[in-house]
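Trainee: Reproduced below are the annotations present in TrEMBL:
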BINDING   K15  ADP-alpha-D-glucose binding site
DOMAIN    3-233  domain 'Starch synthase catalytic'
DOMAIN    281-410  domain 'Glycosyl transferase family 1'
Amino acid sequence: MIVYHLSTECYPIAKVGGLADVVGALPKYQNKIKGVEAKVVMPWYNKAFVHDHEFDIVFDGFIHQGGTMLQVVVMKEKTDVLGFELYMVKIPGLLDRDNPYGYQDESFQFLAFQHGALHWLSAMEIRPDVLHCHDYHTGLVPFMIEHCPEFRFLKGVKTIGTIHNGEYQGMMSWGMAHYMPAFDSYKWGLLDWNGFINPLASMIKCSTAFTTVSEGYLEELFISFRGLESLVREEYGKAYGIINGIDTEVWNPETDPMLDYNFSSKNAVEQKKKSKAKLCKEYRLKPELPLFAFIGRFATEKGADLLPDVVWRSIRQSQGALNIMILGSGNRYIEDKLKEYEYLYSNFALDLGYKEYLSHKIYASADFLLMPSRVEPCGLNQMYSMRYGTVPIVRYTGGLKDTVADISTGGAGLNFSYPGVDDVIHAMNRGLNIYHQKGAMEDLIASNMQFDFAWEKSAEKYIALYNK
Ligand code: ADP
Ligand code: GLC
C-alpha cells in the first residue's frame, strides 16, 4: 500500500508545532509495517535541512495560478534519511520561504502547494493508494482530485483528512476561486461554508474518511468547532479519533543528545535533579524549590493568556516557594506582561523564542509541566514530559483527557476542569503538596516514565483505516 502524506510541516525540516512531530514520525513508523510504503510531500523551505542534505530533481513543470504561470520543481531527498521518502515542492516566490506561516499571501502559498503537488503526481502518473492530508493547508486536495479535470488521473484515489487543529480553517473569499485549478463549477457547494471557501469544511465533505488526533477532541467538535459543528455531525459516519503517538527514538531520555544528563527510569531521580540544578543555575532560579514549566505558543487556545496571572499569584501566594519557567512566544501582550514579571520576580524565568534543545532540557528538568489549554486536539508536550519523568498538570480537555489521568483516579498527572487562574493555581497547590510528601515525587516519576505512547499502536490504527 502506497501512502503519500501531504503537510506544510515535518520535523526536523520545518516545525512550528505538533503537526511537524506527527508528520516526521508517523510515516517512519508506518514503514515498519509490512506492505506499507509511506512518503511525505511538503513545501520547500529555506531551512538548514535542505542545505545540509542532497536532493534529486524528480520533476520540473508549470502550473497556472489565475493569470500567472508558476514553475514547479519537485525534489527528493537522496538517502531517505528520515525513514521515508521525502519530496519537497519548490515554487519560486511562494514555496521557497524561510517559514511555513506568517505571510500575507498564505492562501496563494497553500493553493500553490496543493496544485503543484497534484500536478506533479498526475503528470508523472503516480497514483498512490491513499493521499493523507494534514490540516486545512491541504484540505482542498480531496475536492481537487475529484472535481478538477487537470487531475483526472488521480480521480478515485482514497483520501484521509486529519484535523490537527480545527481552530484554523483557512477560509477564503470566493474571489480566490479564480486562483484554484479549474474545477467543475456546479460542485461549488463542496467548497463552500457560509459564503466562503472553507478548506477544512471541504476536507470533511470530500475526503473518504477524516480523523481527529484524539477521540476526546472528536466528541468536542460536535459542540464547539468554530461553526462546523453541524457539518461534523452530518459526516460523523466517516469520522475517526486516533490518538497521536510520540517518536520514542527522538524522545528518549537515555540517548537524547540535547540533554546534559541522560537517564533511564533507574537513575531518573538523581539525573533529573542534576539537570534541574544546571537549568536553574543558567536561568537564576532556585534549584531547591519545585520547578513548574510551560512550553508552547502564546495563544488563547493554549490558555497562555492565564500565564501572567498564574506567575504572580502563585509566587506571591506560596511566598516564593516555587519556581516557574516559561519557554514560548506569540501574543505580544502576553510576552510583554511576562517580561515585566521576569524583571519583578526572581523565581520566574522566561525564554521568548523557539528553542528545540531547550524544550528537551525543560521536559527533563522540571517537576511539573503546566498545560492550561482551552482547546487541545491531542497535545504532545504532556506525553514528552511523562516520558521524561515530569508530572503533567493539564486541563481536562481533548487529547489531554485521553492521555493524562488524575492521581486521584489512579493516574500519574493532575487534572483541572476550568481554564481559569484559580483552577490552575489550585492544581499547582496540589502539586506542591505532593512535592513535599516523602517519596511521592519519586513514585510519580517512575509511573510517568512507564507510560507507553509509542507510535506503533496508532500507526496500525491508521493502516487499518486505510484498508477499510
Ligand atoms: P501545538 O502543535 O498545538 O503547538 P503540541 O503539543 O502538539 O501543540 O506540540 C507542540 C510541539 O512544539 C512540541 O514538540 C513542543 O515541545 C514544541 N514547542 C512548542 N513551543 C516551543 C518552543 N517555544 N520551543 C521549542 N519547542 C516548542
Ligand atoms: C495541533 C494541535 C495539537 C496536536 C498537534 C499534532 O497543533 O493543537 O493539540 O498535538 O496538532 O496533532
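Positions of Cβ are set from backbone N, Cα and C atoms, glycine also.
Worth saying up front: this structure is predicted, and the values here are computed from it rather than measured.
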Trainee: Name, in the order they occur in the sequence, the residues of the same chain whose CB lies under 8 A from the CB of K15 (ADP-alpha-D-glucose binding site) and which sit 6 or more residues away.
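Mentor: Correct list: E9, D21, G24, E356.
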Trainee: Compute the average pLDDT of the predicted model within the domain 'Glycosyl transferase family 1' (281-410).
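Mentor: It averages 97.
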Trainee: According to DSSP, which of helix, strand or coil covers the residue listed as 'ADP-alpha-D-glucose binding site'?
Mentor: coil
